[in-house]
Structures are given as structure tokens and as C-alpha cells.
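Student: Attaching a single structure in C-alpha cells format; questions to follow.
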Ligand code: F6P
């Protein structure tokens with residue numbers, strides 16, 4: 001029987017741990033099954049422009065601890081809606097047919113798509129169009145449906161926690177309100193976990209819209225008790241009750257065009273006005289996506305990578321490898337494409353933070 005040929009691409013925003021997945025896929029495919037693995041460059045763009053290379057065992061040696069992705073990525077290359085510049089104007093074209101032809105030419109048994117909901121949604125479309133696909137959940141946001149956790153999240157939480165710890169000491173010295181804005185799109189996972197890990201006094205997440213007067217009152221109460229500083233952790237997707245999110249920019253060609261950001265500054269200005277306390281805002285930004293993965297993400301990425309090869313061997317295409325409790329599962333890409341996984345407002349961590357006096361901006 002012909003040994004299998006498989007291809008792997010990484011799409012959307014990068015995050016720590018992608019290289020652990022690539023390494024695990026390539027090593028297991030070669031060592032255990034003698035497969036050939038093709039690395040597609042820059043996400044789906046590599047399938048549009050035919051940018052790829054065969055990955056050998058040596059190519060993935062020594063990449064476990066590296067951040068980013070050795071294959072490159074793109075969050076603008078959706079083959080179903082690809083921007084083409086014609087006479088100075090951008091037009092959007094459906095290039096999926098030519099991508100399917102390019103995939104056929106590669107003569108592969110499976111295309112592995114490592115990505116967030118955008119990339120996995122595109123992967124699902126290709127699966128429905130007849131391409132054997134397996135997805136691997138990747139994002140710092142931890143917001144992919146069908147899995148309890150995504151790799152990259154733990155690393156982001158670690159970086160943000162360290163950032164908040166640093167902000168804590170300067171907040172104490174200057175008796176200031178320090179606001180730390182973190183990523184996560186419409187989900188508050190990063191804010192919730194890093195906020196609890198760093199003992200944030202106020203945690204504002206998209207799933208629990210806040211009342212500015214309650215936030216101000218919490219800060220005032222702390223001051224009255226002699227705690228002359230406060231730490232506010234705010235998710236980029238947080239919004240006031242009855243208000244809307246702050247959009248920083250629109251990336252037109254992206255499968256998820258809205259980029260959030262700036263709510264930390266809005267909150268800072270308002271809080272300063274209401275409380276008369278000096279306020280500073282820090283935006284963690286892309287720091288939380290860069291650098292080496294934590295041991296947890298290295299391990300999770302490695303396990304997801306090896307599990308992917310099992311799914312390929314069983315020809316269980318159209319699925320994503322996921323985590324449920326302490327088990328690895330397969331989840332249909334159709335379910336994954338249905339939306340994002342938000343923090344339930346009664347999540348156990350929200351409840352336990354509340355019971356320790358943390359304010360979520362909805363009640364004191
Ligand atoms: O999805 C990952 C993420 O880092 C989000 O948390 C953030 O909103 C977005 O990507 C930023 O995207 P970009 O790298 O295009 O600015």
C-alpha cells in the first residue's frame with residue numbers, strides 16, 4: 001500500500017505552541033508511519049500561490065520551544081473570498097476551485113489546518129467541497145467551540161499575569177488605578193484567568209457588561225479601606241452596560257475583519273473623571289502572542305499533533321482534535337464553525353473570584 005502523503009498549514013493569528021504541533025505531526029508521521037509531510041507556507045495563501053516544501057524530521061528538530069510558526073501564517077488569505085487588485089481596485093474572488101486543483105496536484109491524503117475559528121471555518125468549507133481535512137484548535141483567545149482549551153492560551157495567560165504583577169508594584173507606589181487591557185476578541189478567557197492569577201481587583205469581560213459607577217465605587221471603597229491603588233483587568237471586547245465595543249480597526253480581507261482595542265483608555269478617562277484618582281492604562285497587545293510556549297502549551301501542542309495523525313489513520317476527516325476534561329476527542333468542524341465559545345457568566349472561576357471580593361463591574 002502506498003505510504004500516505006499529508007500536508008499541514010497554519011492560518012490566522014500566530015500563538016505560542018504552533019511549532020510543537022508541527023513537530024509532533026511531522027515526527028509521528030515519519031517515525032511511526034513513514035508518511036511524507038508537506039508544509040504549506042503562509043496559511044491558505046500557500047495553497048493559492050503554490051508555496052510549500054516537504055518537511056523532514058530534521059526540519060522540525062529543535063523547534064519545540066520556538067514561538068510563532070515555522071510555516072508562516074496569514075489571516076487575510078481566505079480562498080473563498082480572496083482580495084485581488086485589478087486596475088488599482090481590490091476585488092474579492094472565489095479561488096476555492098483553483099485551490100482544490102492545487103491540493104489535488106499535491107496528491108495528499110489529508111490537509112491538516114491548524115487555526116482559530118476563521119481558519120477552521122475555511123477548512124470546513126473545503127471538507128464540504130470534498131477535501132479530506134483535519135483541524136487543530138489554535139488561539140490565545142481559548143474561544144473555539146468543541147474544545148475545553150486551545151494551545152497558546154496558557155502562554156498568553158502567563159505573559160499577561162507577569163505583566164499585571166509588574167503593574168501591581170508601580171500601582172502601589174504611586175497610589176494609582178492601573179488598567180491592563182488584554183486580548184481575547186469577544187471572549188473574556190484571558191482577562192478572567194490572568195485577572196484571577198494576578199489578584200486583579202476588578203475584572204471586566206465581554207460576557208458581563210459593566211456599570212462605570214460600580215467600577216468607580218469599588219475603587220473608592222478600596223481607597224477608604226486604605227488600599228490606595230486598584231488593578232483593573234479589562235478584556236479588549238469588554239463594554240459598558242447599554243454600550244458597545246471599541247473597534248480599533250477593520251482588516252477588510254480578514255475572515256474576522258473587526259480588530260478590537262482601546263476600551264482600557266476609555267475606561268481610564270472616565271474613571272479618573274469620576275473618582276479623581278490618577279489612572280494609567282497599559283495595553284498588553286501582541287506581547288501576549290509572542291515568544292516561547294509554556295511547558296503546558298508544548299505538551300498540549302505535542303498531544304494534539306500526535307492525535308491528529310491517529311485521526312488521519314482512521315480516516316476521520318472533517319473533524320478537529322479537541323480536549324474534553326482529561327480526554328482528547330474529535331469534534332466535527334461543522335460544530336466548530338458555528339461560532340465562538342464565550343465565558344458563561346456563572347463560570348466556576350467567575351463565581352470563585354466573586355466570592356473573594358473581585359468585582360466584575362455589574363455588582364459590588
Ligand atoms: O485571535 C487572536 C488575537 O490575538 C485576538 O486576541 C486579537 O483581537 C487579534 O488576534 C489581533 O489580531 P491582529 O494580529 O491581526 O492584530
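Easy rule for this one: first residue shown is 1, then count along the chain.
Cβ coordinates come from backbone N, Cα and C, glycine included.
Keep in mind that this is a model prediction, so the values were computed, not measured.
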Student: 13, 184, 188: which one does TrEMBL list with 76, 77, 116, 117, 118, 119 for the ATP site?
Tutor: 13
Student: For the substrate site that TrEMBL assigns to 139, 140, 141, 176, 183, 184, 185, 280, 286, 287, 288, 289, which of the candidates 91, 236, 334 is also assigned?
Tutor: 236
Student: Considering the binding-site residues 13, 116, which residue's Cβ sits among the greatest number of other Cβ atoms within 10 Å?
Tutor: 116
Student: Out of 117, 141, 289, which recorded positions have CB atoms lying under 6 Å from ligand 1?
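Tutor: What lies within reach of ligand 1, judged by Cβ under 6 Å, is 141, 289.
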Student: Using Cα-Cα distances with a 10 Å cut-off, which of the binding-site residues 139, 183, 185, 280, 287, 289 are near residue 117 (ATP binding site)?
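Tutor: Correct set: 139.
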Student: Would you mind pulling the DSSP three-state label for residue 183 (substrate binding site)?
Tutor: coil
Student: Using the Cβ centroid of 13, 76, 77, 116, 117, 118, 119 as the reference point for the ATP site, which residues of the same chain not in that list have Cβ within 8 Å?
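Tutor: Residues close to the ATP site, other than 13, 76, 77, 116, 117, 118, 119: 11, 12, 43, 74, 75, 78, 115, 122, 254, 255, 256.
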Student: Whole-number Å only: compute the distance from the Cα of residue 77 (ATP binding site) to the Cα of residue 289 (substrate binding site).
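Tutor: If we compare the Cα positions of residue 77 (ATP binding site) and residue 289 (substrate binding site), the gap is 20 Å.
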Student: Checking the spread of the ATP site as listed (13, 76, 77, 116, 117, 118, 119): what is the longest Cα-Cα distance, in whole Å?
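Tutor: 14 Å is the greatest Cα spacing among the residues binding ATP.
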